[in-house]
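Reading through the structure tokens given below for one structure.
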2 protein chains.
Amino acid sequence: MTRVLIVDDEPQMLRALQINLEARQYTVATAQDGSRALDEAAAFPPDAVILDLGLPGLDGTEVIRALRVWSAVPVIVLSGRSGATDKVIALDAGADDYVTKPFSMNELLARLRAVLRRPASDEPIGGSAVIGDHTVDLAGCTVRPVPVRLTPTEWRILTVLVQHPGRLVTGRQLLLDVWGPGHERKTNYLRVYLAGLRRKLERDPAHPRHLLTEPGMGYRFEP
Amino acid sequence: MTRVLIVDDEPQMLRALQINLEARQYTVATAQDGSRALDEAAAFPPDAVILDLGLPGLDGTEVIRALRVWSAVPVIVLSGRSGATDKVIALDAGADDYVTKPFSMNELLARLRAVLRRPASDEPIGGSAVIGDHTVDLAGCTVRPVPVRLTPTEWRILTVLVQHPGRLVTGRQLLLDVWGPGHERKTNYLRVYLAGLRRKLERDPAHPRHLLTEPGMGYRFEP
DNA sequence: TCGAACCTTGACGGATCCTTGACGCCGCTT
DNA sequence: AAGCGGCGTCAAGGATCCGTCAAGGTTCGA
């Protein structure tokens, strides 16, 4: 179920939004001022936030900035002001969209669908993976129980693969993440380093079970 | 360098946007109609698209849908219409933002920064479908629970079909999306690859239930 | 200065995939 | 009944991609 946090100080607006969203099967949480909104977002991380700018106490822009310190949750700003500078300030503070009152409920819902459509970016940093007889710890850059020495480039490649377990990673994506823009064509790098990783980690490097290759597509880490 | 593709049929609007964006160090590509925009986006994938809705020929909404078949690039729609239904249609077609003319250049730039801020998702669009005993995951290019290996061309065809569930996709459209312009006559490709897909995914390849042929028309994915 | 570890680059055989043509089946038309 | 076009199937070739190896080139510390 998709959780939406609505922040507004006007009870009737809050209620109207809540009814409309719940009718569309969203789970709704509400807050009437900025600090309570931050508490609520921290306690139960929502999938999206609808935020009125004209809040008592903490300014709406400050709420966005505070949220953005630790969360990438999509934020749609509601505001009575239609001035361009207000929009610029809110968007640059970290808002994803800006809707001017009065607005159409259908438009707001469409914009909500639009920001929710983007891939949820709650991917954790680090993690660990089991390959053959080895357990690799990405955060600590260590391999247990038998210590195996990996080069920096090998670590970067392994990190990208392990952070998308079971999913295919395009050769282009891998080259982009590890070597940066401008190296998308050097697929031979990947061949060399994947061979090295398999030789060091796989039980049978000739028949890998975890660091798989998808011909023509890319590579995949299979847990 | 951040690449932005601007699509507008009015030369002066095109020029004004280009000058403003280039002054902010963006790399700008332009197109004056929908089909050229799609060609340009396929040849040099941009990091964001600014799209005028009132295009000659191909409708702006259709441009978004065609883009969304294979790309998740952020799209900001420009439009002279401020009606709520127009916004809803464009946003649900896959647009990320909707700006009504006349607009402030600073606001547009702020919205551009907002859509570019989200993690670079040059990954293909996701989605999943059930075919026979298999569940195909387009985002991860995986088939569960029994792993099935599909070739790159098979994935591209399946992506186009699954993105239009229940709807007919003409052979021409399929050839255009998968092989690009200039291959519209090679319908035998489709026969070969559809046969391969059915052999790998359908329970009874001789009597397909999900990857259907509409004689004389094209193909259809039936969920 | 030297050496070691690492990164780049090229070449080659083998595996995989794409393309192409041929053949037979089926439904429709003549 | 014969002809025709669209479709499914199959196999062979050519093109492309991948695994492997080895030889420089670079960086960094001893």
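Each Cβ is built from the backbone N, Cα and C atoms, and glycine gets one as well.
Annotated DNA-binding region per TrEMBL: B:126-223, in sequence order.
Annotated domain 'Response regulatory' per TrEMBL: B:3-116, in sequence order. Mean predicted confidence for the domain 'Response regulatory' (B:3-116): the pLDDT average there is 89.
What TrEMBL lists as domain 'OmpR/PhoB-type' is B:126-223. Assigned with DSSP, the residues of the domain 'OmpR/PhoB-type' (B:126-223) fall into helix, strand and coil as follows: 36 helix, 22 strand, 40 coil.
Positions annotated as 4-aspartylphosphate by TrEMBL: B:D52. With a cut-off of 8 Å between CB atoms and residues at least 6 apart in sequence, the same chain places B:V7, B:D8, B:D9, B:E10, B:M13, B:G60, B:V77, B:L78, B:S79 near B:D52 (4-aspartylphosphate), listed in sequence order. Mapped onto three states, the DSSP output places B:D52 (4-aspartylphosphate) in strand.
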Per DSSP, the domain 'Response regulatory' (B:3-116) contains 54 helix, 24 strand, 36 coil
